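Take a look at the structure below.
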Amino acid sequence: MSDMIRVTLPDGSAREVARGTTPAEIAAAIGPGLAKAALAAKIDGELRDIMRPLEEDTNLALVTSRDEADALELARHDYAHVLAEAVQTLFPGTQITFGPATSDGFYYDFAPTAEHGPFRDEELPLIEEEMRRIIAADKPLRREVWDRDALIARWKKDGETFKAEWAAELPAGEEISVYWSGDDWMDMCRGPHLASTGKLDPAAFKLTRVSGAYWRGDQKNAQLSRIYGTGWLNRKQLAEHLVRLEEAAKRDHRRLGQEMDLFHLQQEAHGSVFWHPNGFVVWRELEAYMRRAIDAAGYREVKTPQVMDARQWEQSGHWGKYRENMFVIPDEVPNTEDEGPIVSDDAEWMALKPMNCPAHVLIFRQGMKSYRDLPLRLYENGCCHRNEPHGALHGLMRVRQFTQDDAHIFCREDQIVEEVRNFCALADRIYKDFGFTYAIKLALRPEKRFGSDAMWDKSEDELRNAVIEAGLATEQYGWEELPGEGAFYAPKLEWHLTDAIGRTWQVGTIQSDRVLPDRLDASYIGEDGERHRPVMLHRAIFGSYERFIGILIEHFVGRFPTWLAPVQAVVATIVSDADDYAKAATARLVAAGIRTESDLRNEKINYKVREHSLAKVPHLLVVGKREAEEGTVAIRTLGQDGQRIMPLAEAIAMLKTQATPPDLKVR
């Protein structure tokens, strides 16, 4: 074996270097500026430590802070390790478990000592101070490879039972990498890491909160303390992020949902939503809007059972792939005379549906279908249940019971591209009605999947070609292909909405599926008189009503457009002499189809204005003695200064226009 290897750089130039040379040494040979700026290396596209020796011919790219995505991933990973070291320094006996980088920071899960108990938010400044001390010490971050059994013994000796358990599940004889911070602290980690803690900016991170978590996300396991932080490359990025967090807090749908009396959640129905009258108005408006859209697009609405036999889920493939996220119950009447229900060993099992697709196939299979019957578009506002971990639940954004605007299009091979293109046009119109821009992504085959490579090639090409024909595969629409992100049965197109403060939310999807029709034996009679499998297009636009409403609340800061607002107008009196006129005005507004309430309380008008503004009522119609005599109203519109005086009839006409859903307006 030669002592020299060939290293090819991004510009195409190549260098012969000694085997064992590090990327850091190559950076230094190129120039002192690059040596200082280089943070890590990409070896044949894979992110690696800059101090890790090169052992074979390779393509090398040096990562600097200009490569922001890679640099942020490295920095956040390192902040997580520095956090763990700081906690163990300050609180001896605390066990470390797991701590990854996240989309805007990092977290680490700890098992505190029984004497200390769970960590508290007020301890975060102390931990931050210790983290800055570790960063200032510029401790080298050194990779070391251990034998699995030796590492398990080391973790047990150090009292790190969680790490020992994790290591014990790795294959016997496997070498495991650990990273040392200096010579006095280590963690088990695949890496990569920066060369030293001093590469981090001590003013570019902040610990944000503490929460509970469970070992491996399972509530049956030990409860842990999770410390969250946000980490960036410099203090300017951190400051900008904190401003975004402050703005996001103002828009938090959980707080606004309470203030506007839209919904609530409670432990007795963990992960399920109690919709209040105001919130359910929003729900019903969205439901009516979507029904009009799908009716016009040629869909037929159906309703399917909540509970189905486990054998159906086994046949569809969901039981093997999705069982741990399903709510399962025995198909047997419990023996109520005993202390608790008894389930026999041979009991049959039922499951609450986590998705609607198998049931729609069963509808398709009822009665013989001809090629002339296709495409058949079945739509359902389908209520589903998924057993999400407690720690993953988040307001309306992540729930256990949710309703999808779900549809499945059964079509022939020659109809796929047109159906996908039509769906793209439908989704575009709907998202624009709500004021959203979006990016569209193609999620490609995952490592674990059903079906042949040829089938996946065909399905991916069909989705790709439909987007190209629709003119959406462009930079304007954020077109991107995402390897490994598809469902286990099909590739999918994803719609990522951008809200008022620049955050993105993945909502709509369409998937081209040849697996499920085959597994559930769906067929139609072709023009040739033979049986053929339909292709099944799974699609949704809102995703789920719960999550979409949460997104709308935050996007509009609770200030829904008039057509969606639970209460569209309030008629408020200045003096009691105007009470009768206010009642009559309210009645006329209600008769015109405007959701209106009257406020006749003996309160100052400024108090009423403030209260209804906080409730996000879009229009306040103020009436006093003069308005009653002249048949006028003084209209105040939420978010605008001043007021307009106009005849009541004119005000009703204006509000009727604003209360008209966008799809019912002349386009």
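Placement of Cβ uses the backbone N, Cα and C atoms for every residue, glycine included.
According to Swiss-Prot:
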type: DOMAIN; residues: 3-64; note: domain 'TGS'
type: REGION; residues: 252-561; note: region 'Catalytic'
type: BINDING; residues: C357, H408, H538; note: Zn(2+) binding site
The one of H408, H538 whose CB sees the fewest other CB atoms within 10 Å, among these binding-site residues: H538
Secondary structure composition of the domain 'TGS' (3-64) [DSSP: H/G/I, E/B, coil]: 14 helix, 23 strand, 25 coil
The region 'Catalytic' (252-561) [mean pLDDT, rounded to integer]: 91
Listed in sequence order, residues not in C357, H408, H538 with Cβ within 8 Å of the centre of the Zn(2+) site Cβ atoms: M355, N356, H360, V361, D406, A407, Q511, D513, L516, M536, L537, R539
Nonlocal residues around C357 (Zn(2+) binding site), in sequence order (Cβ under 8 Å, 6 or more apart): S316, D406, H408, D513, L516, M536, H538
Helix, strand or coil at C357 (Zn(2+) binding site) [DSSP, three-state]: helix
